[in-house]
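Novice: Swiss-Prot lists Thr79, Ser80, Ala81, Gly114, Ile134, Ser141, Ser142, Leu143 with the feature S-adenosyl-L-methionine binding site. Marked as region 'Disordered' by Swiss-Prot: 238-257.
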Amino acid sequence: MLHNIRIVLVETSHTGNMGSTARAMKTMGLTNLYLVNPLVKPDSQAIALSAGASDVIGKATIVDTLDEALAGCSLVVGTSARSRTLPWPMLEPRECGVRSAREAEHAPVALVFGRERVGLTNDELQKCHYHVAIPANPEYSSLNLAMAVQILAYEVRVAYLDRQQANAPVEEEEEAPYPLVDDLERFYQHLEQVLSHSGFIRQAHPGQIMSKLRRLFTRARPEAQELNILRGMLTSIEKQDKYPQRGTGDTAGKSKD
């Protein structure tokens, strides 16, 4: 299960934080590190601060975009302070660990950490199913990157060990499969296209409508079959109203006999 947990760092600017993160991961049994458009590449300082976890640094996957790091994941949790400007489903660290451990038995799970100074952007946070806030001292809530990784990695390990001790059979607890983030993004693109052609939203300025719809579907979290039904509905609307069709390579959402 632990091999399915991805620790994703977005635009990290200090190699020392990469090394300290690798150390925090390895102490909890996590080894799958993704670096999204790092401002610096891992170097000798990263190796030194990894304190024996240089293998995690050496195997790190470096990608250009967050979408690449999230590809194939069924659950994405982004670290964020609570925000009134972008209300989103929130998790406490303990619940984050429990959900991550459970879903990682069936598909990859990504825990996403933002830039050292400014965190994740709103657009990046909207790619997450949940946000997690670490309840630090409000009078001094300054956690560095590796500390935040250590806390969430610990919660994942505790949940993993609890499941091991309970000897919970995967078959008995298997939930209906959720769509991967790639499928969700294609659904959102399809939805925006149909709403634009219908005149419900302005294609050049979708504004807050798509953000609110993303939040709605994030709360509902449709299963894979339910998402296929929604895609099929959109495809039916396109055909009925004779909208321009999408590329022939995109077959998602078509009904099956």
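From the backbone N, Cα and C atoms, a Cβ is placed for every residue, glycine too.
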Novice: At a 10 Å cut-off from the C-beta of Ser141 (S-adenosyl-L-methionine binding site), count the other C-beta atoms across all protein chains.
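Specialist: Taking every protein chain into account, the count is 11.
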Novice: What same-chain residues, at least 6 away in sequence, bring their CB to under 8 Å of the CB of Ser142 (S-adenosyl-L-methionine binding site)?
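Specialist: Expected: Ala136.
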Novice: Which chain neighbours of the S-adenosyl-L-methionine site, leaving out Thr79, Ser80, Ala81, Gly114, Ile134, Ser141, Ser142, Leu143, have a Cβ atom within 8 Å of the mean position of the site's Cβ atoms?
Specialist: Gly119, Ala133, Ala136, Ala148
Novice: Going by DSSP, is Ser141 (S-adenosyl-L-methionine binding site) part of a helix, a strand, or coil?
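Specialist: The residue in question, Ser141 (S-adenosyl-L-methionine binding site), is coil (DSSP, three-state).
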Novice: Among Ala81, Leu143, all listed as binding-site residues, which has the most CB atoms within 10 Å of its CB?
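Specialist: Of Ala81, Leu143, the one with the most crowded Cβ is Leu143.
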Novice: Could you check the binding-site residues Thr79, Ser80 and say which one's CB has the fewest neighbouring CB atoms inside 10 Å?
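Specialist: Lowest Cβ count within 10 Å among the binding-site residues (Thr79, Ser80) is Ser80.
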Novice: May I ask you to report the DSSP-based helix, strand or coil state of Gly114 (S-adenosyl-L-methionine binding site)?
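Specialist: DSSP assigns Gly114 (S-adenosyl-L-methionine binding site) to coil.
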Novice: Suppose we draw a 10 Å sphere around the Cβ of Ile134 (S-adenosyl-L-methionine binding site). How many other Cβ atoms does it contain, all chains included?
Specialist: 17
